[in-house]
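Colleague: Before I ask anything, let me first share the structure, which is written out below as structure tokens.
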Amino acid sequence: MTAPSKDLPHSLPKTFHVKSFGCQMNVYDGERMAELMAAQGLTAADADSADLVVLNTCHIREKATEKVYSDIGRLRKHGRKPMIAVAGCVAQAEGEEIVARAKVDVVVGPQAYHNLPDLVARAAAGAPALDTDMPLASKFGKLPARRKVGPSAFLTVQEGCDKFCTYCVVPYTRGAEVSRGFDDLVVEARALVEAGAREITLLGQNVNAWDDDGRGLHDLIRTLDRIPGLARIRYTTSHPNDMRQGLIDAHGDVESLMPYLHLPVQSGATRILKAMNRSHGRDDYLRLLDRVRAVRPDIALSGDFIVGFPGETEADFRDTLSLVGEVGYAQAFSFKYSPRPGTPAAGLTDEVPAAVMDDRLQRLQAALGRDQQAFNAATVGRRCQVLVERRGKLPGQMLGKSPWLQSVHFMGDHAIGDLVEVTLTAAGPVSLSGVVQMAEAA
Ligand code: 5AD
Ligand code: SF4
């Protein structure tokens, strides 16, 4: 076991704060940890006053990991000594090291956070507590029921990844692909709707690999579509190889399934895709998008890209730019390659120089930015429903999301969670403005 922390022992915390980094699954896990601590009688507080701060971390790129250590330092400024729990993927990957380097009180992995109350109690008693087990029995059955959520809620349906892309830590930090059971998910979706959700985003590292006894994600979506009060369904993140025809068909005829698909491709060069172990080529990806667009022509496409994977040449990078030009993404996320310890690509020596990576990222982001603006501009004049998420800064201003996941602001007086019929009138780089058409649609 690890050396005792110099800051221990603590008394049992009365207040807590959960700070999540990284992907939407971490946001979901963070919410569930907060519900768990609230069920123990703790009250939520700000990071700079809470007795217990949970840092729910991301390990996907190097910068994300370094952030954890600077955050720990910040929490301890001015002589404050909150109990610190490190959760999430950095906890899973570097548990012992974090306790040794930063002397935190609790380390808990993404598959073990149902044990957080026990670990906190152990830390309060004077010993740093670490749990990075990946038990076969799921944590989900041990978490308290959902109580109060906003109009747009996340629901984790699948975790882990068996794809082993050569650059990626996820198969190591989140473990093998596991799907939650159909009935369990329908129960949680109903509870979310009762707790205020009008939109549910189904989450998974490979969400479209979800299956339960032969039922695929489209069967789950078709069942959730029948829940009264649930107006919108989304899902993320998908893998091209798990995009089955049933799911594509659902985009054509399930009204509550929103016209948006996040389908990472990473590179437009088949040679690089091979080196990444993506198990699909450039053309496979493009033909797949043709099939999706055939059933849902207005679908907003989104993707993830990595520039500067070892061995990537200027010609390979241009293949990425040309793929972007062919697809016309509505939104996208792009990153510089970051070698992650323990992954196969970390051993590759033909690194792309930092300045070349910077240049490629800039060129790619300029192209993606232009396409996003063009997509937004093309929706001006359209009439659509906007799900109201919050009030804007200006008096009478409301903010929400279009079916294509664009941020839309408009003037009106509506409740959070209302679906409002809006005509889109102008497009900026990141949001659109609209005008209300009718009082409210069902
Ligand atoms: N370096 C850079 N980007 C990465 N991603 C995953 N691993 C790495 C890495 N080692 C990106 C991929 C993935 C997204 C979640 O993060 O684009 O789709
Ligand atoms: Fe990582 Fe690839 Fe799995 Fe996505 S599909 S989580 S990039 S290994």
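Cβ coordinates are placed from backbone N, Cα and C, and glycine is handled just like the others.
These came from TrEMBL, pasted as-is:
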{"type": "BINDING", "residues": "CYS23, CYS58, CYS89", "note": "[4Fe-4S] cluster 1 binding site"}
{"type": "BINDING", "residues": "CYS161, CYS165, CYS168", "note": "[4Fe-4S] cluster 2 binding site"}
{"type": "DOMAIN", "residues": "14-125", "note": "domain 'MTTase N-terminal'"}
{"type": "DOMAIN", "residues": "147-374", "note": "domain 'Radical SAM core'"}
{"type": "DOMAIN", "residues": "377-438", "note": "domain 'TRAM'"}
Colleague: Near the [4Fe-4S] cluster 2 site, what residues other than CYS161, CYS165, CYS168 in the same chain have a C-beta no further than 8 Å from the centroid of the listed C-beta atoms?
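Modeller: These residues sit around the [4Fe-4S] cluster 2 site: LYS163, PHE164, TYR167, VAL169, VAL170, PRO171, GLN205.
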Colleague: Please list the DSSP helix, strand and coil residue counts for the domain 'MTTase N-terminal' (14-125).
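Modeller: Per-class counts: 60 helix, 22 strand, 30 coil.
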Colleague: Looking only at C-alpha atoms, tell me how far CYS89 ([4Fe-4S] cluster 1 binding site) is from CYS168 ([4Fe-4S] cluster 2 binding site), rounded to the nearest Å.
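Modeller: Spelling it out, the Cα of CYS89 ([4Fe-4S] cluster 1 binding site) and the Cα of CYS168 ([4Fe-4S] cluster 2 binding site) are 12 Å apart.
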Colleague: How many whole Å apart are the CA atoms of CYS58 ([4Fe-4S] cluster 1 binding site) and CYS168 ([4Fe-4S] cluster 2 binding site)?
Modeller: 12
Colleague: Neighbour count first, Cβ atoms within 10 Å, every protein chain included; then name which of CYS58, CYS89, CYS161, CYS168 tops the list of binding-site residues.
Modeller: CYS89
Colleague: Indicate whether CYS161 ([4Fe-4S] cluster 2 binding site) is helix, strand or coil by DSSP.
Modeller: coil
Colleague: Over the span of the domain 'TRAM' (377-438), count residues by DSSP class, listing helix, strand and coil in order.
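Modeller: Looking at the domain 'TRAM' (377-438) with DSSP, the answer is 3 helix, 34 strand, 25 coil.
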Colleague: Can you tell me which of CYS58, CYS89, CYS161, CYS165, CYS168, our binding-site residues, come within under 6 Å of ligand 1 at the Cβ?
Modeller: CYS168
Colleague: Considering only the binding-site residues CYS23, CYS58, CYS89, which possess a Cβ situated under 6 angstroms from at least one atom of ligand 2?
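Modeller: Once distances to ligand 2 are taken from each Cβ, none falls under 6 Å.
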